[in-house]
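Asks: Below: one structure in structure tokens.
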Amino acid sequence: MTTKSKHIILSLTFLLLFLSTVFSSHVTQRFTSSDDITELVVTALNQTISNVNLSSSNFSDLLQRLGSNLSHRDLCAFDDCLELLDDTVFDLTTAISKLRSHSPELHNVKMLLSAAMTNTRTCLDGFASSDNDENLNNNDNKTYGVAESLKESLFNISSHVSDSLAMLENIPGHIPGKVKEDVGFPMWVSGSDRNLLQDPVDETKVNLVVAQNGTGNYTTIGEAISAAPNSSETRFVIYIKCGEYFENIEIPREKTMIMFIGDGIGRTVIKANRSYADGWTAFHSATVGVRGSGFIAKDLSFVNYAGPEKHQAVALRSSSDLSAYYRCSFESYQDTIYVHSHKQFYRECDIYGTVDFIFGDASVVFQNCSLYARRPNPNQKIIYTAQGRENSREPTGISIISSRILAAPDLIPVQANFKAYLGRPWQLYSRTVIMKSFIDDLVDPAGWLKWKDDFALETLYYGEYMNEGPGSNMTNRVQWPGFKRIETVEEASQFSVGPFIDGNKWLNSTRIPFTLDL
């Protein structure tokens with residue numbers, strides 16, 4: 001039996017057992033009300049949380065058992081899983097809290113469940129390279145059996161969350177209302193944050209200063225993050241003065257509402273060189289990893305300088321909900337930005353890469369950004385995006401609006417030697433749209449690339465709408481069932497800032513132009 005077959009059977013078994021248990025106490029009652037279905041979902045999620053906690057405990061036990069026998073990448077994979085399972089418990093607990101509120105926002109609940117599914121898949125991704133790893137597979141049979149059982153438990157958890165996501169569809173009135181059109185920042189960017197984004201740096205209005213020359217509170221960014229308060233409900237601003245900071249930065253989940261302000265792209269630079277080739281998982285390779293919600297970055301560069309031969313080497317990994325990046329650059333080659341999960345927004349940013357250089361399963365909008373393809377390795381294809389939506393009910397995807405898809409200076413002289421594509425489907429329901437953007441002539445007339453064989457060609461959603469430039473001609477685009485020539489503003493608008501990242505309430509106009517809708 002294949003792993004996929006086991007996954008399907010486990011999913012169906014769980015759903016049947018769960019429903020029979022719940023319905024046994026309501027034999028004569030029809031579950032038609034919102035409250036009934038909500039209680040079904042809450043019961044399912046509570047059981048899933050118990051399963052996640054058990055899996056986390058088993059992962060810890062196995063890690064202790066294997067200890068020094070593990071390769072560095074396998075150690076990273078275990079660390080990834082323990083962190084991601086902890087995040088999953090948090091996401092599911094938050095989802096339950098929102099469901100039980102007086103006016104649950106089901107779009108946000110779906111985002112949380114989507115993030116939980118992404119977490120389990122990311123955990124599995126970390127072990128993908130371990131199938132042939134002697135340190136893991138050539139341990140005693142009992143240990144190997146436990147490892148395989150843990151992998152199966154992750155499939156099971158993801159399946160349970162998927163079932164809950166399906167049940168949400170049956171709650172009456174779950175369809176979000178019409179979005180109000182306005183101009184401004186998203187509702188989760190407050191008035192004071194808006195001023196911080198617009199105005200020059202005033203050191204009297206920041207909480208901490210990082211400076212390599214000793215003129216600030218700290219000389220490293222890591223020290224400043226450690227000094228920031230936990231679970232802050234107000235903005236905590238860290239001004240990072242001009243300089244190159246060779247650090248791998250992790251902003252943990254408890255460090256909320258952090259804001260980085262630099263002195264400009266190329267002037268304030270955070271850089272490191274972890275990579276898959278050097279024994280790191282893609283998740284752990286990030287120069288900067290952000291988990292704490294409400295993160296904002298302005299006027300700085302995130303760089304992974306591992307190089308094109310090192311494979312996955314992430315500059316930024318963000319699972320920060322309601323995070324925003326303004327006038328920043330992100331520079332690497334393969335897997336530059338890992339838009340891992342939750343809702344994110346990028347404005348006037350420059351992104352440099354070669355292969356899948358924007359990837360992940362967040363709900364993310366790139367507006368007025370420039371995507372630069374760099375010179376890849378010989379015979380390598382250039383792919384701008386690889387979106388990771390694995391369930392048709394996930395509200396996730398990559399939306400690129402009013403942006404520029406270009407060749408970087410190092411590619412321009414030799415771009416005729418390489419083929420470039422807008423994206424390829426990393427997962428079954430991959431979803432990416434490009435709207436009102438300039439697409440240069442480096443993009444192949446087909447536009448999009450297969451992942452492998454016919455995988456996801458019928459289930460993906462790749463859309464283009466009112467683009468311009470020599471690469472925007474759709475005459476010879478792929479003929480896949482999932483490719484869409486978006487023809488109406490109604491269809492296109494669902495991927496605009498308002499509906500797509502839940503920006504249904506906005507602030508008034510600001511000095512930074514920001515269009516809510518198309």
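Start at 1 and count along the chain as shown; that gives each residue its number.
For all residues, glycine too, the Cβ spot is worked out from N, Cα and C.
Swiss-Prot lists 1-24 with the feature signal peptide, giving sequence analysis as the kind of evidence. What Swiss-Prot lists as region 'Pectinesterase inhibitor 40' is 25-167. The N-linked glycosylation site annotation in Swiss-Prot covers Asn46, Asn53, Asn58, Asn69, Asn141, Asn156, Asn213, Asn217, Asn230, Asn273, Asn473, Asn508 (among others) and is backed by sequence analysis. According to Swiss-Prot, the feature region 'Pectinesterase 40' maps to 207-504. Taken from Swiss-Prot, the feature substrate binding site covers Gln312, Arg424, Trp426, and the record attributes it to similarity to another entry. What Swiss-Prot records for Gln334 is site 'Transition state stabilizer', and it gives similarity to another entry as the kind of evidence. For Cys349-Cys369, the entry in Swiss-Prot reads disulfide bond. The active site, nucleophile feature in Swiss-Prot is assigned to Asp356; the stated evidence is sequence analysis.
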Asks: Tell me, how many other CB atoms lie within 10 A of the CB of Asn156 (N-linked glycosylation site), whichever protein chain they belong to?
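Replies: Result for Asn156 (N-linked glycosylation site): 20 neighbouring Cβ atoms inside 10 Å.
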Asks: Tell me, if you would, which residue among Asn213, Gln334 (recorded positions) has the fewest other CB atoms within 10 Å in the structure shown?
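Replies: Output over recorded positions Asn213, Gln334: least Cβ neighbours within 10 Å is Asn213.
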Asks: What same-chain residues, at least 6 away in sequence, bring their CB to under 8 Å of the CB of Asp356 (active site, nucleophile)?
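Replies: The answer is Gln334, Asp335, Ile383, Thr385, Ala386, Arg424, Trp426.
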Asks: Mean pLDDT across the region 'Pectinesterase inhibitor 40' (25-167), rounded to an integer, is what?
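Replies: Within the region 'Pectinesterase inhibitor 40' (25-167), the model's average pLDDT equals 83.
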Asks: Rounded to the nearest angstrom, how far is the Cα of Cys369 (disulfide bond) from the Cα of Asn58 (N-linked glycosylation site)?
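Replies: Their Cα atoms are separated by 43 Å.
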Asks: Applying a 10 Å Cβ distance cut-off over all chains shown, what neighbour count does Asn53 (N-linked glycosylation site) have?
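Replies: Around Asn53 (N-linked glycosylation site), other Cβ atoms within 10 Å: 14.
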Asks: Nearest to Asn273 (N-linked glycosylation site) by Cα, among Asn217, Cys349, Cys369 (recorded positions)?
Replies: Cys349
Asks: Could you measure between Cys369 (disulfide bond) and Asn230 (N-linked glycosylation site) for me? Cα positions, answer in whole angstrom.
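Replies: Distance between the two Cα atoms comes out at 32 Å.
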Asks: So how many of the residues in the region 'Pectinesterase inhibitor 40' (25-167) end up helix, strand or coil by DSSP?
Replies: 121 helix, 0 strand, 22 coil
Asks: Return the residues near Gln312 (substrate binding site) by Cβ distance under 8 Å, restricted to its own chain and a separation of at least 6 in sequence.
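Replies: Counting only residues 6 or more apart in sequence, the Cβ neighbours of Gln312 (substrate binding site) under 8 Å are Ser275, Tyr276, Ala282, Ser285, Gln334, Asp335.
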Asks: If you measure every Cα to Cα pair among Gln312, Arg424, Trp426, the residues listed for substrate, what is the largest value in Å?
Replies: 16
